[in-house]
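The following features are taken from TrEMBL:
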ACT_SITE  GLU225  active site
BINDING   HIS224, HIS228, HIS234  Zn(2+) binding site
DISULFID  CYS174-CYS329  disulfide bond
SIGNAL    1-20  signal peptide
Amino acid sequence: MINLVVFILLLGSRCFRCSAALASPLSEYEKQLKKEGFDLKVLHEEIKEESREVLKEFGSKTMQTDIALLRADYERAAVHSTNETKEITELEMNNGISGDLYEGDLELTPEQWKAATEADPHNPATRRQALTNFVRMWKPIGQPLIPYNYAPGYPADKKPVVKASIDFWEDRTCVRFRPATSSDKDVLQFNHIADGCSSSVGLRGGVQKINLGNGCHSVTVVAHEISHTFGTLHVQGRSDRDKYVRIDTSNIKEGKAHNFLKEPATGFSHYDIPYEFGSMQHYHEKAFALNSSRPTIYAMKAFEKFQYSMEAPRATFYDTLLVNRMYKCTDKCQKKITCQNNGVQHGSDCKKCFCPRGWAGTNCEKRPADAQTINVENGKEVKVELGKSSGDFIEKLYILKAPAGKKIQTTVTKLGDRYTSMCRSFGMEIIPFNDTRTSGFRFCSEPKQGRITSEGDTMLVWVYTTNYKFYANIAIKLV
């Protein structure tokens, strides 16, 4: 039974951008499970045991040596800001709400529980097969259609955020939504009577909920939960994650280590999507931290500049590409088109390309019209800025351009008038790569990343905010 926790983690997932909310929706759910013969106390003990097993797994001498070195490097480079606003994540907000199952966000049906527990825990292949069967896709593949509705009494002033989140994904993928009718058997229901933000992974069947309690109503949050409903999982749980990160189990809250389980090496497809620290589905560096001044996730030495760039305020290029590949969105395109600058055929419109950041046009052949290009000079500073937002997510792209044959080396000398700990409400991302499909290095607090050097003569700087006026001064050196 211990291994059934793997199923828990993959079939129910907590949003990482929410706050505490209304009455728990799980009381009736618990009654239903008990009626089916499930002993919740036993289940809680098994989750604790699974945490102990994970702690043992990550306690190898090699792993502990790596973590000790990474921790020491982190402490040497750490700058503890006195005026930094500590963003309270749903992990802290929801920690004391309830001990129901897996942090109060699971909505497994009794049938799912039965199938999960019947998988042979001594036969990994059987377990993987059962797990894979539970990550079901919405139909039809290539043009999935998701009927949705709102729980009774859903606040009218919250519905526009849900609709904007739906539009966000419809604009980027082939997934479509429509209001549910009485004849629909499978329905996605947005539920506001909830603790925190949560969803299932993939199609579960029947009426399945995305729970959106107080603090969950932003496009960042709702789009994240909808992505889980498509069937996406968290990045740091990938089978290849040990190439990129180390997990410091000594700093994980008691009983929470099972959240860092790693998927099997076989039985899952990453759809040729690279590991991305800045994915919207990556845990924050201090997820489930016992000591909030220290990470639970350390980027390996080769990727140390990504240490402060885990998670994302919006879906990245690769987050979008993953959904499009999962649902084979471009297979229906009768005519394939050529995309430049690492663009790909658009999942929502076969006649154009979906472009990485910094590119636009039908074939990703030109720069975005609203981007600002700055021809940089050696020894000078540039200023990037955004005006105060009324609460909506606003963004601006700057393109720094050096003379031909030169590279740009940047040092952030000033970062606004306020700092925040997790780059959710505002921030800046520097993208020094020629291939801009991957996310870059994020700043929202005392600059810690040091010098950043471009791969070519161009560097992108993306700034965003939801509430505050934001600016940054960047020193330029041409090399």
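Cβ atoms are placed via backbone N, Cα and C, with glycine included.
Features recorded in TrEMBL, as mapped to the structure shown.
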{"residue": "CYS174", "record": "disulfide bond", "DSSP class": "coil"}
{"residue": "HIS224", "record": "Zn(2+) binding site", "DSSP class": "helix"}
{"residue": "HIS234", "record": "Zn(2+) binding site", "DSSP class": "coil"}
{"residue": "CYS329", "record": "disulfide bond", "DSSP class": "coil"}
Integer Cα-Cα distance in angstrom, CYS329 (disulfide bond) to HIS228 (Zn(2+) binding site): 17
Winner by Cβ contact number (other Cβ atoms within 10 Å) across the binding-site residues HIS224, HIS228, HIS234: HIS224
HIS228 (Zn(2+) binding site) to CYS174 (disulfide bond) - Cα separation in whole Å: 16
Neighbour count (Cβ, 10 Å) for CYS174 (disulfide bond): 25
Cβ neighbours of CYS329 (disulfide bond) where a neighbour is any other Cβ within 10 Å: 27
